[in-house]
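Since the structure comes first, as C-alpha cells, the remarks are kept for the end.
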C-alpha cells in the first residue's frame, strides 16, 4: 500500500482551492461565523443569516462551477454567472430572518434542496454520463463523511485523554468547535477534491453490489409498502371511510423506494439477463395509478380539518409531482431520468418564495382559520380581531391560543398585523429590539393573549393547569464591588468548568469545586408570578432577580439574567437558568 505524501496532499489541496475558490470562501466564512456564534449567549440574526447564505453559496457556486466547466465558459461568462450567483445570495440574505419567524428556516430548507439538486444536473452530460457523475458525487459524499467522522472521533479521544491525564480542565465547547472545523472545512475540501471533471468522458463502472442491493433490499421493501397500502385502500373502499393521514407517508415512502430502485439500476437496464428491470419500472408506475387518488384524498381531508401547513403543502406538491412523473414515464418514449432532479429543483424554488410558496399559502390558510375562530365568538369587527368574551368554553380558548401561538412562532407577529388594531401593532413593535428568538416569540404571544382576552391556562391540560413563566433582567452590567470571583452559571452547560447546577423543589444547588451552595428561589418565583400579567414582565429589575447568600460564614450573590420554568398545582420545574454567581 502506497501512502500519500505530504507534497501530494498539498498539491491536491492547492488544486482544489484554485478550482473552487468561491466554494472554499463560503465554507471558510460559514465555519468562522459558526465558531464565533458558539461563544455567544444569544443567536445573532445577522450572523445566522450570513451562515445560512454561506451554506447556500457553497452549493450554488459548485453548481455554477461545474456548469461553466462542462459548457467551456469563457472567463467573462464565468464571471457573469458568479456575479449573478452572488446577487442571488444577497437576495437570500434579505428574505431570511431566522430569529423573527420559523418560516425563514422553512424557506431556507427549500432553497438548500433546490441548490443541491442543481448540482446534480448543472453540467452538460448525456444520460449515461449524468448517472455516472451523480454516482461519483454520491460516493464522494459518503467517503468524505467517513473520513471526517473517523478524524473527529479520533481527535475527540485524543483531546479527552489528554484532558483527563493532565487535568487540563478544558472547556467542553472544544468538541463542538472541532466538529464545526472538520465538518465545515476538512469535509468540504475533501469532497470538492473528488468532484468529477471531463463530464462527457466519465468512465462508467457499475458496481455489481449496487444491483444486488437494489434487487434484494430496495425492491422487496417497496413491495412491502405496496402490499400494506393496497390492503388499506381496500379497507377504506369496503368501509367507505376517510383515510388516515399517515397513509400519505406510506405512499411517499413507496414512491421513494421505487424511484430510487429504478435510478440505481438504470445503466444496466438493457444488459443481458436484466429484462426484469424494464418490467419492474413499468409495473411500478402502473401501480402508482391507484395509489395517487388515495394520496390526494388523505391530504385533502387533513387540509379541510386543520388548514394548510408547510408540511401538508409539501405532501400536496409531491402528490402533484408524482402524478406528473408517473404519466411521463408511462407515456413518454424518451424516459429521461434528468427530469426527476430538474422538476424537483423547480418545485423547491417555487415553494421557497412568492405568493405560491409554501409559507405564503400556509400563512394565509392559518390566518383565515384564526379569523374564523374569532368570528364564531363574535370577536371580529371591521376586519379586525377583538377580545374574546370571558365566558368562552375552555376548549375554544385552548384551540384559539394554540392557533395564535402557532402563527406567532411560525410566521412572526407581523403575520397578524393586518387583522390587529393599530394600538396592538404598536405594542408588538416595541418588542422588535429583543434579540433572543425564543424570548421575542414568547413576549409577542403573551401580549396577544392578554390583549385578546385569552386566559393563561388555555392550551394547557385543564387537570393540572400547567403554566409557563419567563423573566429576565434588562441590565447589561452589574455591580460586583466587594466580590473577588465571578462564575458564569448556565443550566444547559451545567457540568462545565468543574461546576454543577441542579434543582430541588424551590431551591437550586450549585457546586463550585468542593463548595455546595443551596439557594432558595421562592421569592424570585413569587416576584415573577405576581407580575404575570404585567407588560414589563420580561424585563424585571436586577434586584428582583438577585439572591444574597450567607452560608457557613461565606457570602455570595446569585444574579439571574434569564429564567424559564413551568408550574403546575404542586411543583415548579426550571427549564433554563442563566446568570452569575459572585463570591467574596
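Cβ coordinates are placed from backbone N, Cα and C, and glycine is handled just like the others.
Note that the structure is a prediction, hence the values are computed from the model and not measured.
For 20-36 (among others), the entry in TrEMBL reads transmembrane segment.
Look at TrEMBL and you will find 48-67 (among others) tagged as transmembrane segment. Sequence-distant contacts of the transmembrane segment (48-67), counting only residues of its own chain at least 6 positions beyond either end whose CB sits under 8 Å from a CB of the stretch, comprise 19-20, 22-23, 26-27, 29-30, 33-34, 37, 73, 78, 81-82, 85-86, 88-89, 92-93, 96-99, 108, 111-112, 115-116, 118-119, 122-124, 188, 192, 195, 199.
The transmembrane segment feature in TrEMBL is assigned to 79-99 (among others).
According to TrEMBL, the feature transmembrane segment maps to 105-125 (among others).
The transmembrane segment annotation in TrEMBL covers 137-162 (among others).
The feature transmembrane segment is assigned by TrEMBL to 174-195 (among others).
Annotation source TrEMBL lists transmembrane segment at 216-234 (among others). Residues 243, 247, 250-251, 253-254, 257-258, 260-261, 264, 280, 284, 287, 290-291, 294 of the same chain sit 6 or more residues outside the transmembrane segment (216-234) yet have a Cβ under 8 Å from a Cβ within it.
Positions annotated as transmembrane segment by TrEMBL: 246-265 (among others).
The transmembrane segment feature in TrEMBL is assigned to 285-305 (among others).
Within the same chain, residues 248, 252, 255, 259, 281-282, 285-286, 288-289, 292, 295-296, 299, 302-303, 339-340, 343-344, 347, 351, 358, 361-362 sit at least 6 positions outside the transmembrane segment (311-330) and bring their C-beta atoms closer than 8 Å to a C-beta of that stretch. According to TrEMBL, the transmembrane segment annotation covers 311-330 (among others).
Annotated transmembrane segment per TrEMBL: 337-354 (among others), in sequence order. Away from its own ends, the transmembrane segment (337-354) comes close to residues 95, 107, 110-111, 113-114, 117-118, 120-121, 127, 130-131, 259, 263, 266, 313-314, 317, 321, 324-325, 328, 360 of its chain (Cβ-Cβ under 8 Å, at least six residues beyond either end).
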(message) If contact means at least 3 Cβ pairs within less than 8 Å, sequence distance 6 or more, would you call the transmembrane segment (20-36) and the transmembrane segment (105-125) in contact?
(response) no
(message) Which sequence-distant residues neighbour the transmembrane segment (79-99)? Criterion: at least 6 residues beyond either end, Cβ under 8 Å.
(response) 22, 43, 45, 48-50, 52-53, 56-57, 60-61, 64, 67-68, 73, 105, 107-108, 111, 353, 412, 435, 437, 440
